[in-house]
Amino acid sequence: MLKQIQKFLKLEAASGILLLVSALLAMIFANTDLNQLYFSFLQTEVAIKFGAFSIDKPLLMWVNDGFMAVFFILVGMEVKRELFEGSLSSYQKAIFPAVAALGGMIIPALVYWFINQNSPEYQQGWAIPMATDIAFALGIVALLSKQVPPALKVFLLALAIIDDLGAIIVIALFFSHEMSMQALTIASIAIVILVAMNRYKVTGLINYAIIGTILWASVLKSGVHATLAGVIIGFCIPLRGKNGEAPLHHLEHALAPWCSFAILPLFAFSNAGVSLEGMSLDKLASPLPLGVALGLIIGKPVGVFLFSYVAVLLGIAKVPEGINLKQIFAIAVLCGIGFTMSMFIAGLAFGEEDASESVLALARLGILMGTFVAAIIGYFLLKITTKPSLMKAA
């Protein structure tokens with residue numbers, strides 16, 4: 001049994017499968033006799049006190065603000081590595097996925113806005129369909145890994161990383177609350193220390209853990225979303241130490257399995273549980289879920305492919321060697337898998353509203369519908385466009 005579990009965890013598609021199972025379990029818990037247990041568990045108050053300082057939040061918020069900050073440390077490190085050494089380390093490498101990612105952020109937001117232009121109570125959800133769930137999308141690609149060109153995987157990874165960077169900027173600019181200057185001052189001091197540690201190539205990760213925890217707590221109290229602390233910590237981990245060590249590489253490899261097999265599935269289980277009680281076709285077709293779903297199903301592929309095609313047409317970028325535009329379109333459809341990142345932004349957009357439960361439930365249903373359709377269509381398009389016979393013809 002243990003060998004079978006270890007074999008499963010080594011599969012490229014394992015993290016995507018686990019996310020799907022976690023979401024399905026959440027839906028089962030939320031729509032059966034277990035619903036009271038599920039929702040009351042997520043609202044269990046958990047407090048941490050240190051002298052006069054205290055953080056007292058429901059378990060759901062600890063998952064979204066705490067554990068997800070660890071995931072964003074990983075995101076920060078991935079972005080840094082790709083910018084300095086990887087698929088985004090030069091203009092020629094970065095421009096094609098960057099333009100594609102830009103389209104994949106702008107068009108879904110416009111689709112959502114167009115559908116919700118007469119519903120002012122829903123308009124703050126415009127950023128929800130901008131996101132791509134890289135773990136889920138790569139999980140789908142991994143199901144066809146033997147026939148998918150390596151360059152196509154690199155394109156998806158680079159696009160998703162830039163997409164994450166865009167989501168981080170959106171969160172920082174549009175989803176921060178009233179600021180606490182005292183907390184921001186402490187956060188600023190922590191950032192200066194982290195930057196100095198990076199500058200002088202301090203490689204002891206315990207130092208980053210201590211200062212990073214102070215940064216996270218102060219950012220949480222400041223009104224800026226706490227997960228941004230994770231990104232800053234990730235960026236401040238040195239690529240190389242004075243003696244040739246690779247702290248970023250080591251920490252990235254240490255955190256990746258925890259994020260893939262614990263944090264993201266826990267986030268999916270905590271956020272995907274939507275009660276369908278009282279739901280009707282009218283509600284499902286209302287502007288909020290419709291805007292989110294169509295933003296992911298139509299906005300994402302149109303944005304990614306259109307911007308890519310125009311960039312090639314104008315000579316701004318070139319299609320990476322070994323892949324073609326048909327395959328780019330298949331990947332563009334897979335980018336409509338918003339899932340965990342879209343759920344995260346939905347919680348920021350509607351989590352503070354008085355009617356948050358019903359509104360947030362509608363947003364999450366839109367995400368689940370859009371993600372499911374994008375995953376199914378994207379899988380079959382990728383399977384068709386990467387067939388060996390078609391690859392030779394291209």
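Cβ coordinates are placed from backbone N, Cα and C, and glycine is handled just like the others.
Among the features that Swiss-Prot reports, transmembrane segment is placed at 11-31 (among others), with the record citing sequence analysis.
Positions annotated as transmembrane segment by Swiss-Prot, on the basis of sequence analysis: 59-79 (among others).
Swiss-Prot lists 95-115 (among others) with the feature transmembrane segment, giving sequence analysis as the kind of evidence.
For 125-145 (among others), the entry in Swiss-Prot reads transmembrane segment. Only residues 6 or more beyond the boundaries of the transmembrane segment (125-145), in the same chain, are considered here, and those with a CB under 8 A from a CB of the stretch are 11-17, 19-20, 104-105, 108-109, 111-113, 116, 152-153, 156-157, 159-161, 163-164, 166-167, 170, 174-175, 260, 264, 288, 291-292, 294-296, 299-300, 334-342, 344-346, 349-350, 363, 366-367, 370-371, 375, 378-379, 382-383, 386.
Same-chain neighbours of the transmembrane segment (155-175): 72, 75, 78-79, 82, 86-88, 93-94, 96-98, 100-102, 104-105, 127, 130-132, 134, 137-138, 141, 224-225, 227-228, 231, 304, 320, 323, 328, 331, 334-335, 341, 345, 348-349, counting only residues six or more beyond its ends whose CB sits under 8 Å from a CB of the stretch. Taken from Swiss-Prot, the feature transmembrane segment covers 155-175 (among others).
Annotated transmembrane segment per Swiss-Prot: 177-197 (among others), in sequence order, evidence recorded as sequence analysis.
The transmembrane segment annotation in Swiss-Prot covers 203-220 (among others) and is backed by sequence analysis. Note on the transmembrane segment (203-220): residues 53, 55, 65-66, 69, 73, 183-184, 186-187, 190-191, 193-194, 197, 226, 228-230, 232-233, 236-238, 241-242, 245, 247, 250-251 of its chain, located 6 or more positions outside it, place their CB under 8 angstroms from a CB of the stretch.
The feature transmembrane segment is assigned by Swiss-Prot to 254-274 (among others).
Using a Cβ-Cβ cut-off under 8 Å and counting only residues 6 or more beyond its ends in the same chain, the transmembrane segment (296-316) has close neighbours at 95-96, 99-112, 129, 132, 159, 325, 328-329, 331-333, 335-338, 342, 366-367, 370-371, 373-374, 377. Annotation comment: Swiss-Prot describes 296-316 (among others) as transmembrane segment.
Same-chain neighbours of the transmembrane segment (328-348): 19, 23, 64, 68, 100, 104, 125, 127-133, 135-137, 140-141, 152, 155-156, 159-160, 163-164, 167, 170-171, 175, 225, 227, 264, 267-268, 271-272, 292, 296-297, 299-305, 308, 319, 360, 363-364, 367, 370-371, 373-375, 377-379, 381-382, 384-386, counting only residues six or more beyond its ends whose CB sits under 8 Å from a CB of the stretch. Taken from Swiss-Prot, the feature transmembrane segment applies to 328-348 (among others), supported by sequence analysis.
Counting only same-chain residues 6+ beyond the ends of the transmembrane segment (365-385), those with a CB under 8 A from a CB of the stretch are 23, 27, 128-129, 133, 136-137, 140-141, 143-144, 147-148, 272, 274, 279, 284, 288-297, 300-301, 324, 326-327, 329-331, 333-339, 342-343, 346. According to Swiss-Prot, the transmembrane segment annotation covers 365-385 (among others).
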Message = Which residues of the chain, 6 or more past the ends of the transmembrane segment (11-31), have a CB below 8 A from one of its CBs?
response = 37-39, 133, 135-143, 145, 260-261, 264-266, 268-277, 339-340, 368
